[in-house]
Amino acid sequence: MSRLPQRRALVLLSGGQDSATCLAWALARYGHVETLGFDYGQRHRVELDCRQRLIDGVRALPWPGQLGPDHMLTVDVLAQLGGSAMTDDVAIAMQADGLPNTFVPGRNLLFFTLAAALAYRRGLDVLVGGMSETDYSGYPDCRDSTLKALQVALSLGVDRPLTLETPLMWRSKADTWALAQRLGGDALVELIRCESHTCYLGQRGDLHAWGHGCGGCPACELRAQGWEQWTAQRSLNGA
C-alpha cells in the first residue's frame, strides 16, 4: 500500500467490522485521520458504544498516521422516515422491491454529504467508508457507481476536490479479516473480533469465534462465514 502522508482523511466509523478495518487502512495510508459517527435513531445503540472502544483500541496500536478527533452527528430524520428494520421494531424481511428491509434509503448518501461538510470545515480531503459490493444485500447506496457519482457531486458542491475511498468495495468478509491481519496483526484482529458490532438484532451475549452476535441474522451469518473462510485459508497456509 502506497502512503500519502500529506493527505487528511475522515473515516465513517459505525462501530462495525468493516468501518473499523477501514480506520486501520486509513491510518496506514494517510498522515492525519479523524472519525465520524452518526446517531440516526438506530434501534440498537450498542454499535455507538462499540465505537469508542474501537477508537481507544486502535489508538493504542502503532500507526504511521495520527488519529485525530472523533465527531458525532445526530441525524434522527432517518428514524422519522421509518420503514426499516434498522430503525423500527419490525422483523427482518424482504421487501416487494427485492431489497431487505434492513435497507435505510438514502443513509449513505446523507452520511457522505454530512461528512463532506465536516471535511470542509476541518480541512480534510479524503472520505473513507466501508461499503462493499462483494458481500452485500444489494443496497443501491453501497454500489461503486453510486459512490463514484457522489464523489463528483460532493466535490462540486463544496468547490473543493474530495476523494471517496471504499477499500472494501471488492473484498469479501474473509478478505476483510485478512486485511485487518495485514494492517494490524493479531492485536487488530482481536480488537475487531471482540469490540466491533455487526448483529442486526443488537445482541452481544456470548463471544463466538468470530465475535459477538445472535449468530442467526444475515449480518452475523456473513461475518461468521467470512471468519471461517479466512481461518481455513490461514490453516492451509500454515499461519
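Positions of Cβ are set from backbone N, Cα and C atoms, glycine also.
Note that the coordinates shown come from a computational prediction; the quantities given were computed from them, not determined experimentally.
The ATP binding site annotation in Swiss-Prot covers L13, S14, G15, G16, Q17, D18, S19, A20, T21, C22, L23, and the record cites sequence analysis as its basis. According to Swiss-Prot, the feature Zn(2+) binding site maps to C199, C214, C217, C220.
Locations of recorded Swiss-Prot features on the structure.
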residue: L13; record: ATP binding site; DSSP class: coil
residue: S19; record: ATP binding site; DSSP class: helix
residue: C199; record: Zn(2+) binding site; DSSP class: coil
residue: C214; record: Zn(2+) binding site; DSSP class: coil
residue: C220; record: Zn(2+) binding site; DSSP class: helix
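Neighbour density for L23 (ATP binding site): within 10 A of its CB lie 26 other CB atoms from the protein chains shown.
Sequence-distant contacts of C214 (Zn(2+) binding site), defined as residues of its own chain at least six apart whose C-beta falls under 8 angstroms from its C-beta, comprise C199, Y200, L201, Q203, G205, C220.
For the binding-site residues L13, C199, C217, C220, the greatest number of Cβ atoms within 10 Å around a candidate Cβ is found at L13. Non-local contacts of Q17 (ATP binding site) by the CB criterion (under 8 A, 6+ apart in sequence, same chain) comprise K173, T176, I192, S196, T198, G211, R223. Figure note: comparing Cβ neighbours within 10 Å for the binding-site residues S19, T21, the maximum is reached by T21.
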